[in-house]
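Trainee: Found this in Swiss-Prot, in case it helps:
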REPEAT    73-102  repeat 'ANK 1'
REPEAT    285-314  repeat 'ANK 2'
REPEAT    315-344  repeat 'ANK 3'
REPEAT    346-375  repeat 'ANK 4'
Amino acid sequence: MSDIYYQLPVEIWLQIIFFSDNINLLFVDKNFFGLIKLINDKKPIIKKIINQNYFDVLRYAIKNCIGIFGDNFMEDCLRQSFYDGQLYIADYLVDKGADIYSMGNLYFITTNETENHNNFRYVDGLNVLQGKFNKKTGFYVHKPETICQYLNHNIYLRDVYLPKGKTGFKKFKLENYYVANMIVLGKQRNLIDLDTWKYMIYHGTIITEGVIEYCRINKCTKIVDYLLDCLIETNHNIDIYTACKNGYTKLAIHYIKNSIICREIRYYIMSRGTYWTDNKSENINHEHIANLATQNGHIEILKYLVEEKYELVGNLYIIMFLACQYGHLEIIKYLVELGVDIRQGLDAFIYLLWQGSYFNILKYLLTVDSDIINIINKVDYNGWFKMYLKDPLSIDSNHYIHPYTISELKCRINSPICKPIYYLRNKSIGTIDFDDFNDIDGFND
């Protein structure tokens, strides 16, 4: 081919290419490829290189002929590679210095396992809606910061760009997302991969309570730990009360340890599709968060509160009451180890456990004080507890008889006959009044 090339003038070769409408001839020889500099409109050549996956030609052009194609050659190739779904070429171009921001704003969508939405099967690259387009039938794309509002049960994250230069492109803006009739799908990432979340956080995704619960449901422990670390480093809309309620131990302990009283909350407004920030300065209510941790069975948070903020967590009998009400055996064991009397309040704890059908806890308390069997026998009219001790699986909890209401039992704990007890500095419990803590020797040292 080289011999033939030199036998004919360049102008004739150009005429052959144009009249045959076959630009493939440009790619058969380096000499022919050099003719590109004589062609004014180079877009069809770029399109051909990308569409036909002429990867070696692309690499050669980047290395030796980039000036021939103009200043935006890399970005033109990048755009074409995204449109054609040649995503590995797009990655290569970005690695070589192509400006990814030339694609416009980055958006996200999440997809299911089949990547099918409203009977439309997504493909890499350009996706064009067929048929009537309106606000309900188009492709929904989201800003990175709000994508976590739309995780649902999806398993993949997709990069999305809007092909604004395409003929016929249309879009609507609704709340905080767009609806378009054309989108360009980039790389697919799995939502159970840690690197996916690092990528999302890098692009500004806001961590919400729903995000952490999504990762918990999918048993993504490393991702949960990473997200909590991110929350410790930056302020988001998960405060200490939510952390204690949901058992975000690392985050809750961070708040407690550092006595964070100024929390920055980013509020999300669905109707406007916006966030705004509100700095709230307030004293942490340690008694309240101790109760939240107890109600929801988060023993590590409670332990840290009791042992590090002992002067603030309040009456341990109230905490024991909540542990019995919600049936958290490990917390009850912990409180018993501290020295909490299980017979206080006219045996309110025993009755409360009976009412909640927590026979497993009553069985444990028998090892602490065998005399409570007399209380149990008084309410065990049909011998349900005896049956449980013989065969726990034989009991139907719907048959229990509850002699007292929770309100009645709570009154016993709050009555003068049950003097409040608190965890003291010397790792013990005592019955001093809460207001007397400032008088404890060495308390303010």
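Positions of Cβ are set from backbone N, Cα and C atoms, glycine also.
Remember, it's a predicted structure, so these values are computed and weren't measured experimentally.
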Trainee: Would you mind giving the whole-number mean pLDDT across the repeat 'ANK 1' (73-102)?
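Mentor: That stretch averages a pLDDT of 92.
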Trainee: Hey, which bits of the same chain come close to the repeat 'ANK 1' (73-102), Cβ under 8 Å, at least six residues off its ends?
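Mentor: Beyond its ends, the repeat 'ANK 1' (73-102) has Cβ neighbours at 43, 46-47, 49-51, 53, 55, 58, 61-62, 66, 123-126, 161, 163, 184-187.
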Trainee: Of the residues in the repeat 'ANK 2' (285-314), how many are helix, strand and coil by DSSP?
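Mentor: The breakdown for the repeat 'ANK 2' (285-314) reads 20 helix, 0 strand, 10 coil.
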